[in-house]
Amino acid sequence: MSSTLSVPAQAPETGTARVKRGMAEQLKGGVIMDVVTPEQAKIAEDAGAVAVMALERVPADIRKDGGVARMSDPDMIEGIISAVSIPVMAKSRIGHFVEAQVLQSLGVDYIDESEVLTPADEVNHSDKWAFTTPFVCGATNLGEALRRIAEGAAMIRSKGEAGTGNVVEAVRHLRQIKNEIARLRGYDNNELYAAAKELRAPYEIVKEVAELGKLPVVLFSAGGVATPADAALMRQLGAEGVFVGSGIFKSGDPAKRAAAIVKATTFYDDPKIIADASRNLGEAMVGINCDTLPEAERYANRGW
């Protein structure tokens, strides 16, 4: 009589860097939209968003209202999770790892350690390796991006200036990151060691970026994207997707604008499709000239 040995089923990997980065990879090419109600979340999903960001106030309102901006109410987040089938993100304050723990317990798909909220720690960001939920973090330059990756971030977004409806800072930050990556490509090991010191980032990650010619995680763009052309611009500059905050639900026709931005993000290299997507969208959100913003009101300066 022959016998067969049963091999115990191997538990699936959870919470590893490979798994968390793989989850973020699934969002490539898409649009992530800020929403404040389940109804807005459904509009975003129907428009083709790959994920939604659940928060109580969009950045434009946070900027207008002032005060301390904190993690959103758990009931509101759970209401949005229940309303849609696409992934749901939520924001924690920089360095507020307990807010991040709460968000993980709620079952959000991604945590955004966000400069849009008021930082809780002026020295430390959260240790993202301590979580099974993947983190998204903002960056204005390559050094900032690599420091967040070293802390465990599974996705980077160039910061831009949230809540302004002005894409100029998004362009500046994405170009800065891409240009600094290109500069590393021709470096030998000695130069990479010097670059790591200059960037204040681990040598191993700097070397990996030089070899890949890109970040080892997904790179999206955020902050000021308000029109289909804005979204296509960021994609043509090298963003692998876009976040849209106030630009949709502060506009005249949110559902139509949301669908148009998704279409332009997908067909970002086809001017005719972008033109068609841009027709008859109603009023865009009221923009802010970033040059007039006082230093203390520049969200992109938060983080280090």
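Each Cβ is built from the backbone N, Cα and C atoms, and glycine gets one as well.
A 10 Å cutoff on Cβ-Cβ distances gives K91 (active site, schiff-base intermediate with D-ribose 5-phosphate) a total of 28 other Cβ atoms nearby, all chains included. The annotation active site, schiff-base intermediate with D-ribose 5-phosphate is assigned in Swiss-Prot to K91 on the grounds of sequence analysis.
Long-range Cβ contacts of D34 (D-ribose 5-phosphate binding site) within its own chain (separation 6+, distance under 8 Å): V52, M53, L55, V58, P59, F243, V244, G245, S246, I248, F249. Reduced to three states, the DSSP call for D34 (D-ribose 5-phosphate binding site) is strand. For D34, G163, G224, G245, S246, the entry in Swiss-Prot reads D-ribose 5-phosphate binding site, with the evidence type sequence analysis.
The annotation D-glyceraldehyde 3-phosphate binding site is assigned in Swiss-Prot to R175 on the grounds of sequence analysis. R175 (D-glyceraldehyde 3-phosphate binding site) carries a helical DSSP state (H, G or I).
Geometry remark: G163 (D-ribose 5-phosphate binding site) versus K91 (active site, schiff-base intermediate with D-ribose 5-phosphate), CA distance 15 Å. According to DSSP, S246 (D-ribose 5-phosphate binding site) is assigned to a helical segment. The Cβ of R175 (D-glyceraldehyde 3-phosphate binding site) lies under 8 Å from the Cβ of L237, each on the same chain and at least six residues away in sequence. Within the set of binding-site residues (G163, G224, G245), the lowest number of other Cβ atoms found within 10 Å of a Cβ is recorded at G163.
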